Structure formats: structure tokens, C-alpha cells
């Protein structure tokens, strides 16, 4: 679920409840539509009118810039439908891409993955579209249709005997239908067409959604609704899907935020529904459970709660609205309905939702990650009733504000905290029909933890400020105008994202407010605001301190939460803290936000005012010198007063040593710290910026309304120039410790460690993260000051400005940066040249253990290096991923059950192509060596999969990929990202998609087979990176294939092991400190020392006769290096010239 609270990041995403990944298609039937006299009832297709009556509801209000058409319906079976017809033609940009740039490594990934996380859907290269390609469709004007179905049933309504049943039911729904009985047939059908789908279970809803090319919408709906009308849910499928549910649980087992929620759930008052364990695992769904009874309950729950009267659907496409209406009626009107209503949660009083200990005790929680935070959580009434005045969102804005006068600024100036988030998360546990949890979360430094009393005193003073400051109407109205402007100029979202948002809105807002309900501050309501402020002024909140350091009076984390094994301790609310609350006095440094100078006033569209001249599709190079290059494209497509800018400050310093690399990250963080108070109002006003350390410098990206965007760029440039003057020992100590935690929290995640090792092997100059970590303590104040002074002196700045801007203004922005930094040309070019190691022929293996000894997760990535990338190579690999995606998922995940996360990915490292196959397994179920062998067995079958592919299936899949690449950019941000990738990778193929489509149109199956055969025979360069999880000391090594034994006791045993300490890709941690240690700082330092020591022996010796890498630097010595000096554009042009010369030569000889 997505959720929003106010902070410097503003929008945060947490995927809290389980997901399932899928995809869709089929030929259309012509709808027959007939309106009855009176115009309020409609009959569709061959059905009888009486069976399919439709009631029309209010049409939603929309923005003046929104060209889409909307219609809300209530079908005869009680199903609510929102139809969205998008009649606007897409801009003819000629481009679409399947690559996404990984900015941290300049590595592109084009993914075809069975990982069931919605965060993957946006980067899936071959999993977003499907259809046959029609001749003449060359312009990149395709759009995808999307459908979302929400069922008014979630984990709050599941039987207490079967916790996690709602999630388990969501899985079982996909196991075939009476009409299409094959398991996962919907998934396979969608993937074949290049589509994508997903589902998730929340507390009060279950959501299913998919996207697909419009041509296949009708057939996809047929497959999809068959699952809703009559799913099979056979008993023999239960064990497999139960295992999948358990595997999902293992993936989030170590996520601190999820663990916090479950700890709060354990404090639910007896009889309240939020006390459930919503994820489900083998323990809750298998232990002491009779399968026949569970199977019966599943079907009973489905029949009772999956009725059409409990369903909401949103369908979006470019089809005429009448045709979409006909599709809705045809496919959804026959879903069975009943009279069963959703459980009435209004009978539960929010004031009684949690036990008294919720607010009477202070909770001290031991985290998985190395973090320290203070959280205050108030229980408010259901805030959806206030949606017109939004007092909760306004208070989130005030408490989460980080500009002058804010709590965050107060704490930052004292180096007690570096980050603060406030508000109500948009997930079912934190906001539901019973209550809302208003949370203030302060991420503390070590000094902040030591001064916890003072931090609390300031927090209490800021909370009480709102009840003593008089009317806040002026501040409210400024935010109201900002939100109105944001709604007015809202960028188009992909249909896939749009339908998910709108189907939820359909449940919670009247039809007229479906589009505006979450977006607008309709009216200022003093009474509503005072009511919520009154709640916040009661000392009836949960106080939770999450830290590996123990607070005074806490000798041990002596309690354990049942499901996640979270260790914690409680003490009665200290009397000194009660007194701090009661005696709280105003602090002069804390005051309401001042008028915002970044609020946009001028919305002139420059392309319109200049007469709408023809604008080239690709960015134009305005400037290139020995210190910079500037690319520019004025927007002529999206008609919004926004712009995007990117500046890559390339420096020779970073790659010179691991210490320099670590200092560059510190420098980046300190520059942001230097400007954060000044620039936070810009974020509040609808602008945004990111500033991050990259492989060879710093990347600044800014976006938003164009009028005042340049002010952010200028502030960052000033910060880069002057931050050295602001440094002192205390600041360095705080940020050095914070960066140690950041490195640590990344390294303890097996997938992150796997990636770090792989890229360090492949790139000629790259420092392992552990090496950077070890250097941090060696960085002195003078070291960092000198680095900060030297960084701006020698730079090469790559820049791109796109959107509602002029060439003159673009020049002015870059000149403002150059005049401030006054940088010179880079002298040592070798440190800024991107080079990739050519792997030796054959197989090389590098293995290390996961850093958390409690972590059972094993991540195996087998990478196969191809060589220099071209459009043809890239196109072949993209198409190959589409062919292997479903067989990979079916074989390694479904049949062999090697792991829940299984994926194949196209990778481009500095212009060198390759692909990888990844499996995230658990060492308690099967060994890393066995998993790696099974990956190789599958890869060996890839050729046969292609050979056996019928010609029609080949053509269909190839055409689906072409259709995908014809999907145009939905927003300026997408176009900007695509063009920026070409610039920073120095390829400059701005028409990459057109070239790929040209290759794909004539690409034959035999060519792909020959390509793969040649690699396997003559050019197999394989790197296997294995981060190996841990088994309990008394657990024997699993026998090959033993995990496929579906014996309940064995599976339950696996689950119990995980619950005792680990299993997730999210957050796995070295448990370095002992319970009986009394020295708090020692605990923390021992943890880091343990991490360093383990990584000193991390690379494991060979098994058998394999070539094993024990020292990365030694391995890379003497190996050939690919140079990335020539752009793909130059390479392609040379190939074209060579081809033309051959033709001329041949003609001359005739």
C-alpha cells in the first residue's frame, strides 16, 4: 500500500500487505448497446435487460486540464463501477524504452521477473503490455488499458482460527476457474501478451488489478472475471500456495516497520479485529489445521464475502466510454451477489481500540536495522469523515514541516535528529473504519538519544503550540491554494496506477468526489481542526523508542512478540516525562510556517506563447565545453507549467580511493543538511529535488513548477561551495555515525550485498561498500573540509533541462551554477572513464555469507556477460526475457519451490550487455549449491524452449514486445528519465525505441537461437554471485530436493526457525551485541566490529573444481577491459556507413 506522511521526502511507499504478481489478453467482440426510454436503464449484448439493469450515479468532478471522460455505474448485482475513457491522442514521440537506469552504478536493468512486489512493476521490461502490432503504428502512441477490482473484505474479517486467511484466499483465487481450469492460466495468458497484474490484501479490502494493451482488454476481462465468478481453489493447490504465503512472510520478517505494526496489533483490545496476524504463515495456516476443514472454510468465505455487492471496479482505456460500459456490464454483471454486508466496524469505539498499556507503558524495541527513533502515536477517530476539511492532513503538514520554526529544524540545529516524519499512514492498519493512528517519528542521532528528555520536551512544546497559537486559517488557506494548483496541473498517471487509486476512492468518497476527495482542501473547518488538536493535547499516546542502545532502567529486551519475534521491553511512563508534558512551555524557536516564497504565481506555457513551433523529438545540445554540456528540450506535449532538470557533477576525486568515495557521500549529506531548512518550503510548494552520490560524482535532480525551480539549483550550488565553512567536530561525528548506520543497514540485506559484490567484480574501479564503511572512522575534520573545498574545483557537468522552459533560461540556469562553482576542466580523465571488466571464458564463482547469522535467506545471481551492447543485442535480450519469464516462474518457483523471488534481468553495465537469473531462497530449505545447479539446468533448457515455440506464439510475443515499446511517455518525468539515461550513459540514442522496433519487426526465432547457441559455444562468460544464508547450528544440511516434500511438520519447522530470527530480503541484521552487555556504546561498536571482522573472511573457498574468486582485486588483474568511449549512436552510424559502402561496392561491380 502507498501511504503519505509529511517529511522532506513527502511521499513514501511501504508495501505492507502481501502481493501476488501476474499479467493479461484476448480478441474483442462488438458490443451491442441499447438505451431504454427514460435514459436511466441500459441493456448490453445478448442478455435480457431485466438481468442487467444499470443505475447511473453522479459524474465525478475533475480538473480543467483533465481530458478524460468519467462515468459511475451501479450494476443490477450491486457492483459499483467507475469507467474512465481517455480520448486524448498520445504525443507522437516515436520512442518507448524498456530500460531503466540504475543511477548508483550506471547499470541498466530490463527485468522480466516473477518477484511479487509492486515496486517491480514499474521496471519490468517485458511485462507491461501485450498485443499484435499493426502496420504503420510507428509513432509511439500506444497506451495500456487497466482494470482494478476491489473487494470489500480483508484481514479484519477473517476467522481468528485462521489468521492470514484473507491473504491466503487472495492467492487461491488464481488457481484456475471453472471456465479456464488450468492453474495460473490468467497469469500465463497475461505474461504471454506482455501484460502485468498484481493483487494485495489489506485490512478491509482485497485489491486485484492488471494492465494490458487495449486490443486484449476484452479477453483479459474474460479470464479475470472467470476467477471471480467460479474459482476452483482445489485442495491440492493449497499446500503450494500456503508455502508461497509463508515465503512472502519470510521476505518481510525482518522489516522493522512491519514488525512495529504487529507489535501494536498485539496491544489491540480483546475482541477488536485489528489484533489479527494479517500476513499468515505456515504456523497460522498449517499447524493444528485440518486441510479438509480449511478448504471448506476457504470456499465458504469466498462465497460469503466475494459477492458482487461487495465489489468496486475501475476500468480505464482509450476506448469510447459506451464501449467500456458495455465491457463492464458484459463481464461483471454475472458475478454472483448475495445480501451479506461488510462487517460493521462502527460499533468499535476508537477510544477503546487498544489496551491501557498502549499509552501507560513506554515501549523500548530492539530493531533489526541499526537505527534509533522516537515515535509518538495517538489514536484518533476515523478521519475519513473529515475529508472535506482534512484537519489530519493539515496537522501532518505542520508537525512534519522542516523549515524555519519547525520541530525538525530545532532538533537538527542541535544535531539531535536528522529526519522527522509525521501523519497517518495510508494502510489499513493505521487508517480504517474504526480509528486512525497519528504518528510522529523522529530519527535520532546518538546525541539525540542521550538527550531524550530534551527531545521530548521540544516535541511536547510543538504539539501544544497548535492549541495556543490562535487561528491557523491563513496557513491553511496557503496550503489549500497549493493543493488546488497541484490538482489543476496534475500530470497524467499510467492507467495501471490510476485505477488502483480510483477504485479505492470509489468506496470511500461520494461519486462526485472520487477524483477530488483525496486531493483538495475543500473548506476550512475550525471545529474539526480543534477536535483533532484536542486529541493530540491529551497525554494518551503510545511512546515507543526503537534503538539497539538500551535506555536507562532497561536491563534487557525481555519480551517477545508472537509472530515476528520482535524483542522489546516496557516500563511505566516515567513520572519525569509526565511532568514534561504537564509543565510544557512555549519555546521561542518554535512557530508556525512563514509565508512560502516558493509558491508559484506564473503558469505561462512558453511553447504556446511562442506560437507552438515545431520541436524536435530529441533534446538539443545547446552547449559543450571542457567543463560542461547542456541539453535542452522545450515541452510541446504535456501542456503543464513544469520542468525537470538534471545536473551530474562528475569529479575525479571519488574513484581515487574508498575513503574519497565515503567522503563524497558525507559531502552530499552535509550539503543537503546545509540547505534543508531553506528549501523545505519549496517542497511544500510542489517542487522537489534529490541530491545523491553516484559512481563518479554527485547528481542533482529538480522538478516541479518551472517559475522558481532555478532557486533550488542555486541553493545547492551555494551549499556545495560553502558547506566546508560550516563543518565542526560535532557535525562530522553525527554524520559519520549516521553514514555508518546507512552502510550497515544496506550490507545486512543479502540482495544488496549480492549486487555490491557483483558490480565490484564487473567494474574496473569500484569500491566494496564494506571498504567504504571501514574508512569512515579514519576521516578527520580536515580531510572532509579539504574534500569539500576541492570537489568543486575540477568538474565536468552533464546537464539536461526539459519542460516549460526556454533556451535562454536553460543557459541562465547552467551559467548560474558555473559562475558560483568556477570549476576547471578535469585533468586526470582515467578516474571518470567508465570501464567494465571482460569476464574470462567459463564460470567464475564468488561466495560469501549473509552478514546476519540469524538470516536464512540465500541470494544467487548468475550473470552471463555478452559483450558490447548494440540495439540488436539489446532487442534480442529483451525478447528472450519475454520467452523465458513464464517458464522460469513456473519451473523454479511454482514446481521446484526454490524461492518466492525468481527473476531474469537484462543488464547493461557501461555499454556492456548481459543478463542474469536470480533466485532468493532459504538455506534452511535447500542449499545454495543446489539452487545454483537448478538455475543452470533451466538455462540449458532455454534453447529448447525457443525451439519448441510455435511460430504463432513467437510472432504474438514479439508483437507484444513491439507494442510495449510503442507505449508513449505518460508524463514529462518519463520522457526526461529516458533522455537522461542516454546522456549519462553517453549513448545519445534518443530514438532507441524506434531502432529497437525496426530490429524486432524482422527478428526471426532462428536468429535468437543462433545468438544463444553462439554464446554458449564460443563466448560463455559467467559470474555466479552467491550470498549464502545461515542454518541453525543443530540443523543438518537439507538434502537436494527435500524441500519439495510437502509434509506439514517439516514445513512448520522451517517457519519456526525463521520466526526465531530471520528470513527476508528487506532487513537482515548481524545480532552482534549480547543481551547481558551493559555498555550501550559498546553494544553498538561491537556490532560494527563484528561486521568488519566477518567481511574480512567473507569470500569462501572453492567447492569442487570451480574457479572461485577469493580476492576481487587479484581476480581483475590482467583481465581485458571493455572501453566505453564510443557512443552507441556513433557505433550504429558506423555500421550504417559500412553497410552503405558494401551496397555501393556491390552495385559498382554489376
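Cβ atoms are placed via backbone N, Cα and C, with glycine included.
In TrEMBL, the annotation region 'Disordered' applies to 85-138, one of the ranges 31-84, 85-138. When TrEMBL is compared with the stretches 978-1030, 1031-1083, the one noted as region 'Disordered' is 1031-1083. Per-class residue totals from DSSP over the domain 'Peptidase M16 N-terminal' (142-265), listed helix then strand then coil: 63 helix, 25 strand, 36 coil. Looking just at the domain 'Peptidase M16 middle/third' (487-774), the mean pLDDT is 96.
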